[in-house]
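Take a look at the structure set out below.
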Amino acid sequence: MKSSRFWAWATFTVGALYFFVPLIATLEFSLRMRRGEYSFDAYRVVFGDDRFQATFTYSVVVAILTILLGVLVVVPTAYWIRLRMPHLRPVVEFITLLPLIIPAIVIVFGYIRMYGSSSPLPFLATARGTDALLIIGYATLALPYMYRAVDTGLRTIDVRTLTEAAQILGAGWTTIISRVILPNVLIAVLSGAFLSFAIVIGEFTMASLLNRPAFGPYLQNIGANRAYEPAALAVLAFAITWACMSVIQILSRFAPKSANQPR
Amino acid sequence: MTNIATIEPGAVVKPAAPPSGSRPVRLPLQWLGVAPFFLFALLFLILPTGYLVLGAFQNTAGEWTFENIGLLFQPSIIAAYWISIRVSLASALLGALVGLAIAIAIVRGGLPSWVRSATMTFSGVASNFAGVPLAFAFLATLGRLGLVTVLLRDLFGFNLYATGFNILSFWGLTLTYLYFQIPLMVVIITPAIDGLKREWGEAAATLGATQWQYWRMVAIPVLWPSFLGTVILLFANAFGAIATAYALTGSSLNIVPILLYAQIRGDVLHNPHLGYALAFGMIVITGLANVFYIWFRSRSEKWLR
């Protein structure tokens with residue numbers, strides 16, 4: 001047993017080194033902008049950059065709208081599948097897994113060819129339409145995570161009884177979903193939401209190919225042209241991902257006992 | 001959706017009951033509940049992909065042809081697919097092996113419990129830390145002026161780049177991809193290792209099995225399907241990734257997603273339908289990988305109930 005514990009520590013230490021050295025290196029690099037001493041200059045430059053503020057705000061707004069669209073598409077569907085059409089579950093589950101099979105670059109390639117200005121649905125004809133298409137694309141990317149989170153949440157509540165009780169009290173479908181089901185799976189929905197946020201905030205491929213002024217293409221642009229700012233931005237991106245995952249973990253403590261972790 | 005409620009109030013109460021009083025109108029109305037989802041999936045997932053797939057089998061005049069698929073087999077495109085497959089496979093296999101070792105260490109290694117929870121939390125973060133910022137982190141670490149490169153040179157007089165290593169290469173990209181592949185493996189495989197019941201180990205020990213025999217004849221066969229399944233998931237994960245590679249290497253490393261990216265931006269292949277075929281080829285490879293994944297997964301779930 002002693003030797004196995006030694007190997008366990010050795011494995012863990014080597015792994016920890018691989019994962020912490022890049023973080024330390026990035027942090028160190030981001031502080032090196034001023035010659036000969038450590039400073040937060042790179043961060044000051046980044047935060048003072050108008051394009052940083054503009055693209056970051058843009059991506060935050062897009063991420064929030066993505067989450068709303070995702071909730072709107074996923075929650076009623078997952079609810080209805082559980083309540084009325086369980087036989088469709090394999091089909092719906094398969095569809096929600098498709099974005100893991102079809103690479104994002106292929107999906108957005110399809111959008112560009114299908115929704116051009118001469119098509120019946122000319123999303124790409126206007127900037128607003130392209131924004132909408134980007135949000136839709138992100139909702140598609142987040143679909144596997146969102147659906148799984150919501151479905152896991154629904155598993156822990158008695159959908160049928162809640163629905164019957166609400167109907168006896170005279171509630172319509174909109175009321176049932178928004179005021180009975182949604183509050184009961186709110187923690188699961190929020191977990192999915194924060195995961196979606198972490199995925200969407202720095203996404204590069206779709207935003208870049210749709211030519212939207214999002215945070216991902218901005219990051220890429222800075223990376224190609226600057227030395228120290230990219231490291232500062234990488235530290236920032238890591239902090240955002242970390243924050244999202246921490247929120248998910250804190251939320252999971254409030255979830256009902258039988259709830260599984262999302263994913 | 002409210003109109004359903006007015007038509008059939010309380011119909012939900014007995015869905016399993018025989019459809020004695022059911023009217024033919026009821027069936028289509030049920031579908032209204034899932035219609036928005038299917039419409040969304042059709043418009044923004046299935047049709048766009050289908051459009052490219054059909055386009056791959058047509059020429060510019062709209063006639064059906066296999067010519068585009070044939071054109072995929074020219075050396076430059078084959079080379080792009082080959083390097084993509086190699087990077088994805090290497091990062092998937094190494095990521096899976098290292099991830100498995102870490103998972104076994106934290107579950108079975110007798111380490112304090114904080115090690116396990118810290119590793120799981122960190123893995124959740126790192127598996128989602130991909131894209132452009134990850135490339136920045138590795139440039140700051142192993143780039144020409146990166147911390148590790150500089151430390152090796154100044155402290156040990158070891159010039160990393162003189163050995164032929166380059167972060168903008170096959171191994172550089174693989175090493176970078178491992179940063180999200182290993183944690184993803186840890187996140188997925190840890191529950192499977194938890195599923196190895198203590199009793200199996202005790203039963204094996206009672207029958208006189210050594211630790212090695214227990215792993216070879218009990219644990220590994222049980223873990224095997226989920227291990228292979230996860231390798232395939234990691235493969236698909238790396239195969240479709242573009243942002244990290246693009247930010248790391250620009251267009252100097254010619255992997256398929258970067259080639260497709262250049263094609264979408266500026267028709268570098270001078271044939272739009274060859275672009276569709278390129279996309280089709282990507283779907284075929286990740287699709288095949290996922291067929292195997294689903295198959296292995298259904299086999300592994302048998303043991304993990």
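Including glycine, each Cβ sits where the backbone N, Cα and C put it.
It should be emphasised that the depicted structure is a prediction, and the values quoted were computed from it without experimental measurement.
The transmembrane segment annotation in TrEMBL covers B:31-54 (among others).
Sequence annotations record features per position, and here TrEMBL assigns transmembrane segment to B:66-83 (among others).
The annotation domain 'ABC transmembrane type-1' is assigned in TrEMBL to B:81-295.
Residues annotated as transmembrane segment in TrEMBL: B:89-107 (among others).
Listed by sequence, the residues of this chain that lie at least six past the ends of the transmembrane segment (B:128-150) yet keep a Cβ under 8 A from its Cβ atoms are 160-161, 165, 167, 172, 175-176, 179-180, 241, 243-248. If you look up TrEMBL, you'll see B:128-150 (among others) marked as transmembrane segment.
Residues 83, 86-88, 90-92, 94-96, 98-100, 102-104, 106-108, 119-120, 122-130, 134-135, 137-138, 142, 223, 226-227, 230, 233-234, 237-238, 241, 244-245, 248-249, 253, 255, 300, 304 of the same chain sit 6 or more residues outside the transmembrane segment (B:170-193) yet have a Cβ under 8 Å from a Cβ within it. The transmembrane segment annotation in TrEMBL covers B:170-193 (among others).
Long-range neighbours of the transmembrane segment (B:214-236) within the same chain, counting only residues 6 or more positions beyond its ends whose Cβ lies under 8 Å from a Cβ of the stretch, are 88-89, 91-93, 95-96, 99-100, 181, 184-185, 188-189, 192-193, 195-196, 200-201, 204-205, 286, 289-290, 292-293, 296-297, 299-300, 303-304. Positions annotated as transmembrane segment by TrEMBL: B:214-236 (among others).
Residues annotated as transmembrane segment in TrEMBL: B:242-262 (among others).
Annotated transmembrane segment per TrEMBL: B:274-296 (among others), in sequence order.
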Cβ pairs under 8 Å between the transmembrane segment (B:242-262) and the transmembrane segment (B:89-107), at least three: no
